[in-house]
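Trainee: One structure, as structure tokens, below. Some questions next.
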Amino acid sequence: MFTPILTILRHPASRRKWLTIISGALIVFGLTALYGFGLRGLWAASMLAAAFVAGSDIAWRAFHALRIRHFSIELLVTVAAVGALFIGEYWESAAVTFLFMFGAWLEARTMRQTRGALADLLKAAPEVATVIRDGEPVEVPAASVLLDEIVLVRAGGRIPVDGEVTEGSAAVSEAAITGEPIPAEKSAGSHVHAGTIAENGVLRIRATGIGADTTLARIIRRVEEAQEERAPSQRMIERFAQWYTPGIMVLAIGAWAVTGNLPLALTLLVVACPGALVISTPVSIVAGIGRAARSGILIKGGQHLEHAGRINMLALDKTGTLTEGKPSLTEIVPLGGIDRAELLHWTAIAESGSDHPLGRPIIEAARAEGALPAADKVEELAGMGLVAEHDGRQIAAGNRRLFDHLGISFDAPAEAALAGVMGRGRTPVIVALDGKLAGILGLSDQPRAMAAAAMAELRRTGINRIAMLTGDQPQPAQAIAAEIGIDEVHAALMPEDKLALIRQFQAEGHHVAMIGDGINDAPALAAADTSIAMGAAGTDVAIETADIALMADDLLKLPEAIAISRATLRNMRQNLVIALLTVVGLLAGVFSGDVHMASGMLIHQLSVLIVIANAMRLMRRPRRDRPGSQSRPLRPVEA
Ligand SMILES: Nc1ncnc2c1ncn2[C@@H]1O[C@H](COP(=O)(O)OP(=O)(O)OP(=O)(O)O)[C@@H](O)[C@H]1O
Ligand SMILES: [Zn+2]
């Protein structure tokens with residue numbers, strides 16, 4: 001009999017719930033006694049008991065806050081409730097404490113719901129996994145899967161670990177991570193994430209990330225941290241409340257001194273409670289961040305959300321962001337007597353030491369024609385290219401800047417060849433062997449399928465300036481920009497040039513978001529008001545460093561992220577207005593004599609709930625119609 005009561009009392013949430021219920025029951029009992037049977041004494045005793053039951057918890061919290069020199073809302077309520085008892089207003093005191101407790105309970109409940117997006121994410125990870133041990137499939141708790149163990153996932157099953165597919169193929173829905181509704185085809189060699197679902201087919205997966213070390217776990221941790229992190233406006237309100245609460249005390253004492261009306265002074269304490277004000281910002285932020293997480297958009301905290309909501313300019317890197325980042329080798333122009341195959345071979349040897357996107361198609365083409373030895377030594381020069389050595393020969397591959405830097409001059413045929421490659425809108429990779437020009441390779445990259453639609457959507461969202469910042473040459477950059485509807489192009493940039501441009505945009509008064517991937521983007525990303533990473537599900541570094549990480553490799557998430565941030569800012573402002581108007585209205589009501597303690601508390605608690613309900617609208621925000629989303633094909637198998 002005693003143990004359950006003790007457990008209830010020890011758990012603060014359920015204790016508060018029971019205290020509220022008991023005090024509510026006492027109030028009903030007291031009212032029945034008075035109006036049903038005219039028992040005034042029983043009425044007073046019940047109200048006193050109700051005030052004591054609900055008030056004890058409030059007073060206890062007020063006392064704890066006071067010990068760390070914090071003037072809490074609970075302190076205002078406690079003083080008002082005790083004062084009301086003191087002047088014989090038993091009903092007022094009981095009603096105020098009960099309503100306060102009841103409101104706090106509803107508030108906690110709805111706040112939990114607002115954090116619901118996270119609960120959805122948590123549910124994405126299955127609790128059991130089937131692993132192959134001694135050749136036999138066995139069911140084990142997902143947390144006890146070991147690294148490198150083979151996990152079996154059947155059709156319709158949730159994947160319990162991060163890993164690499166070793167056998168089988170399936171369409172995998174990654175919605176939990178990326179918010180992407182269309183499943184991706186996965187087969188041997190593909191990477192899969194914990195929490196995603198194999199919609200059909202059977203997969204065998206070698207575990208590479210388990211337990212707390214999966215992308216899903218990292219996202220959940222980051223969302224939790226983000227929801228806790230205080231936004232600047234929130235800090236401002238908290239500082240304000242630190243002054244406001246004692247200020248109200250002084251005002252109430254002043255009103256009492258001037259009017260001699262103690263009930264009025266006590267009512268002031270109740271109605272001026274900054275409850276709705278204090279909660280107005282955090283509740284919007286929690287809802288906004290949760291809403292974004294559902295779409296696979298990780299906003300790293302209230303501060304970043306506020307910044308993102310103010311963005312009016314966007315800078316994008318080209319290679320890998322606006323384009324697929326998988327260029328194809330479209331032409332090979334040998335110079336000075338070397339043959340085509342040899343030019344390709346030497347260039348590929350040099351590129352084998354780099355993982356720049358330009359190198360990949362060159363290496364692939366050379367491999368298709370024969371064995372490819374590795375370079376003995378490679379030196380990469382950011383924004384220019386690279387210099388390598390192999391078999392005693394020196395190979396240089398890169399852009400014009402590299403050759404100016406190396407002091408290698410261009411003769412007339414070389415100039416003509418370079419102009420030709422660039423004139424066709426291709427990115428040139430110029431190659432020299434032992435200090436002598438050997439040829440030019442032309443590469444062309446595809447813009448992403450959704451790039452043009454995303455830019456149009458961004459402009460509709462109100463981003464009126466969009467600039468491409470690229471290390472590539474002006475002609476190929478212009479060609480891509482024209483295709484996707486960007487008119488401002490800054491090309492042939494060194495990493496520090498990208499940084500300088502971001503600073504310049506800011507100096508012109510823009511709030512700049514930058515999205516990029518390469519090392520050449522890092523300084524610019526750091527300087528931008530908001531840094532955004534795309535396709536972050538694959539790279540944990542991006543999840544950790546960007547202010548906003550788009551889990552999917554999908555440019556359309558960009559306008560969505562900005563729209564959610566804006567909607568959240570708007571929501572915060574609405575909440576502030578609701579909170580302030582309520583307090584002003586209540587104060588006016590108190591001085592005109594229309595509002596008393598219990599009704600004041602009721603209206604105040606209602607305003608808190610309205611603020612929460614308003615924030616919850618953010619969660620229900622419907623998905624935007626995504627242009628072309630119906631006709632989108634399955635995403636290709638990821639390498
Ligand atoms: N490994 C490489 N091989 C050949 N050229 C290179 C290499 N690395 C860099 N370059 C040259 O330097 C230029 C700038 O490279 P950088 O990585 O700064 O930008 P990018 O990838 O071309 O474009 P973006 O800035 O849009 O990502 C390239 O366009 C290319 O001309
Ligand atoms: Zn790049």
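Quick reminder: no glycine exception, Cβ is built from N, Cα and C everywhere.
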Trainee: Of the ranges 45-60, 93-108, which one does TrEMBL list as transmembrane segment?
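Mentor: Among 45-60, 93-108, the range TrEMBL annotates as transmembrane segment is 93-108.
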Trainee: Out of 18-37, 240-258, 264-290, 575-591, 597-616, which stretch has the largest tally of CB pairs under 8 angstroms to the transmembrane segment (93-108)?
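Mentor: Answer is 597-616, with the largest number of Cβ pairs below 8 Å.
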Trainee: Taking a Cβ cut-off under 8 Å, which residues six or more beyond the ends of the transmembrane segment (264-290) line up next to it in the same chain?
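Mentor: Distal contacts: 73, 76-77, 79-80, 83-84, 87, 96, 103, 107, 111, 114-118, 223, 226-227, 230-231, 233-234, 237-238, 240-241, 244-245, 248-249, 251-253, 255-256, 299, 301-302, 305, 564-565, 567-568, 571-572, 575-576, 578-580, 582-583, 586-587, 589-591, 595-597, 600-601, 603-605, 607-608, 610-612, 614-616, 618-619.
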Trainee: Where else in the chain does the transmembrane segment (597-616) make close Cβ contacts, counting only residues six or more beyond its ends and a cut-off under 8 Å?
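Mentor: The answer is 80, 84, 89, 91-93, 95-96, 99-100, 102-103, 106-107, 110-111, 113-114, 263, 266-267, 270-271, 273, 275-276, 279-280, 283-284, 286-287, 571, 574-575, 578-579, 582, 585-586, 589-590.
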Trainee: Would you kindly list the residues that approach the transmembrane segment (18-37) from elsewhere in its chain, counting only those six or more residues past its ends and only Cβ-Cβ distances under 8 Å?
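Mentor: For the transmembrane segment (18-37), the far contacts come to 8, 43-47, 49-51, 53-54, 56-57, 91, 94-95, 97-98, 101-102, 105.
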Trainee: Who are the chain neighbours of the transmembrane segment (575-591) in space, where the CB to CB distance is under 8 Å and they lie at least 6 residues beyond its ends?
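Mentor: Non-local partners: 264, 267-268, 271-272, 274, 276-277, 279-281, 283-284, 600, 603-604, 607, 610-611, 614-615.
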